[in-house]
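Below: the structure, in structure tokens.
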Amino acid sequence: MDRLRIVGGRRLEGAVTISGAKNAALPQIAAALLSPYPLELTNLPDVTDVENMLGVVRLHGAEVTRSAHAATIDTSAAVSKETSYDTVRKMRATVLVLAPLLARFGHARVSLPGGCAIGARPVDMHVAALAALGAKIAIENGLIVASAPNGLTGTRIVLSSPSVGATETAMMAATTAKGETEILNAAREPEVADLAACLNAMGARIEGAGTHRILIAGDTGWHAARHDIIPDRIEAGTYAIAAAITGGQLELTHARLEHMASVVQLLEATGVSVWPGDRGLIVSRERPLKAADLTTEPYPGFPTDLQAQFMALMCCAEGASLLRETIFENRFMHVPELMRLGANIKLQGTMALVRGGEKLHGAQVMATDLRASVSLVLAALVSEGETIINRVYHLDRGYEQLDRKLRLCGADIERLSA
């Protein structure tokens with residue numbers, strides 16, 4: 001099992017190429033199952049979650065032709081098989097194949113999902129959306145069993161909260177429904193809008209994605225398509241914090257300011273400078289870090305996927321910061337590991353009080369999930385001495401060559417193979 005060895009104290013400088021968004025790629029790979037025609041996805045990140053999702057569509061008979069940062073998915077011979085727990089236990093996003101399989105074949109059997117251990121994250125809203133479209137749903141022996149032998153029917157779906165996964169599930173299923181579907185209280189994330197753009201390229205007629213109200217025409221006439229995945233705003237935010245925490249300057253190539261307004265606003269409140277460059281965003285810090293409070297919110301609010309990274313940053317700021325997590329329960333699993341490095345953090349329910357300014361020191365730490373693991377990397381970059389981070393397979397799920405990208409910008413980091 002690989003580990004990372006990091007010696008702190010180096011200022012990061014240079015340029016980082018931001019990869020395609022993992023959280024946009026996964027539903028688009030699943031969406032390929034909707035159509036019998038090939039879908040080519042470009043700007044595809046080279047991360048294990050993407051490889052696992054490609055494996056899931058292969059399981060259902062898709063032929064995948066892979067090249068550097070691209071894949072062509074041909075599902076002309078696809079079938080709806082049972083997606084077993086052994087297949088899906090590695091990541092929660094595999095539940096996204098449920099809607100495409102049901103919509104195209106009229107039946108689907110998908111195991112209840114696994115993934116990061118950061119709370120229950122139930123699929124109730126996914127199931128409710130499919131039921132609203134006319135599907136019959138049952139949970140049997142850990143499987144979601146869905147059927148719609150006479151097809152799906154367009155309807156109005158009101159989500160109880162703006163869930164990204166439920167919005168994507170409803171949107172994909174509605175593309176083949178008879179008549180129009182309206183989704184209200186839809187998630188507004190850029191990844192949702194990018195899925196709609198991909199589906200429209202494939203032949204769907206979707207309007208309003210990126211707002212709280214999405215309209216899907218239904219009865220889609222599919223055709224072959226090509227789609228370029230948006231840059232990863234979470235990866236961009238992570239490297240922005242890396243520049244900030246080390247007092248460096250990084251150019252984030254391909255990063256889009258319009259997807260990162262809440263992140264940029266909070267970084268600027270801590271004394272970090274962010275401005276657009278010719279190829280993306282430039283992030284720089286020359287002044288001492290100031291403490292700032294944070295509340296995670298659905299987009300366009302501050303993303304929960306950057307909460308752990310921002311906590312690492314606040315460990316280095318003068319003063320106290322209060323971080324409130326409102327999206328997922330149990331998403332402070334990184335706190336004990338940050339404290340092993342010397343951080344002063346107190347937890348109370350869904351809040352964390354960070355008293356910054358303490359000197360961090362290298363230690364052996366363990367990654368517990370994807371975003372928690374990268375917060376440990378950020379803290380290690382400014383810790384005195386050597387830090388060893390175990391279980392870095394969590395990092396590889398969502399960050400493409402993170403150690404290489406950091407090393408090219410001046411970090412003292414190496415991957416140790418077991």
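Using N, Cα and C of the backbone, Cβ positions are placed for all residues, glycine too.
Record features (Swiss-Prot):
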ACT_SITE  C116  active site, proton donor
BINDING   K22, N23  phosphoenolpyruvate binding site
BINDING   R92, D305, I327  UDP-N-acetyl-alpha-D-glucosamine binding site
MOD_RES   C116  2-(S-cysteinyl)pyruvic acid O-phosphothioketal
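A simple Cβ count within 10 Å picks out one of the binding-site residues K22, R92, D305, I327 as the most packed, and that one is K22. Using a 10 Å radius centred on the Cβ of N23 (phosphoenolpyruvate binding site) and all shown protein chains, the other Cβ atoms total 26. Once the Cα atoms of R92, D305, I327, the listed binders of UDP-N-acetyl-alpha-D-glucosamine, are compared pairwise, the greatest separation found is 16 Å. In this structure the C-alpha atoms belonging to N23 (phosphoenolpyruvate binding site) and I327 (UDP-N-acetyl-alpha-D-glucosamine binding site) are separated by 16 Å. In this structure the C-alpha atoms belonging to D305 (UDP-N-acetyl-alpha-D-glucosamine binding site) and K22 (phosphoenolpyruvate binding site) are separated by 12 Å.
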